[in-house]
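J.: Reproduced below are the annotations present in TrEMBL:
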{"type": "DISULFID", "residues": "44-83", "note": "disulfide bond"}
{"type": "DOMAIN", "residues": "22-106", "note": "domain 'Kringle'"}
{"type": "DOMAIN", "residues": "108-187", "note": "domain 'Kringle'"}
């Protein structure tokens, strides 16, 4: 399994403090919010944790990246903010234990498949009202908020809880139509500094995704 490659993005960009945000703009180079869990709900490790001190991402190596706690950040210009995460008790984390974080975009738009979308659109593309995620009526489903605590399943907003669909969607209040996609526009492409190298995206073998549902309209 490969570790992340260290790229001195922040040393080259020299971001100004007035550009920092608490929501996602572009790939999140300027994100300075306090989200400290991964998209799968795992708690983030402090960037200076002894478990990952040899991974190349520390507050000393990236002084402008605000790596002084365990908040999600994007020090290397990846596609989203990320963090190293805590593993099971008694097991030491290493450089392969990292995940992306579901940071809310600043605009009411989506990036990619919209897994990080946290806007308030609550109608489908055809105009049907969305069913609340906390409700099992009129359509039973496998996405209760308590099972997806970091997916923003508040009220009846369009979401892509596990990222398995191509864009945000919701169950509908129409008994005859189980679920539909929502018209959430794509955010404008980021025109900022791109990272120089790619790295392997490695995930913990214990992470599983439910694939046992089949909603006809989607």
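The backbone N, Cα and C atoms fix where each Cβ goes, and this holds for glycine too.
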J.: Residue 83 (disulfide bond) has how many other Cβ neighbours within 10 Å of its own Cβ?
T.: 28
J.: Under DSSP, is residue 83 (disulfide bond) helix, strand or coil?
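T.: Assignment for residue 83 (disulfide bond) reads strand.
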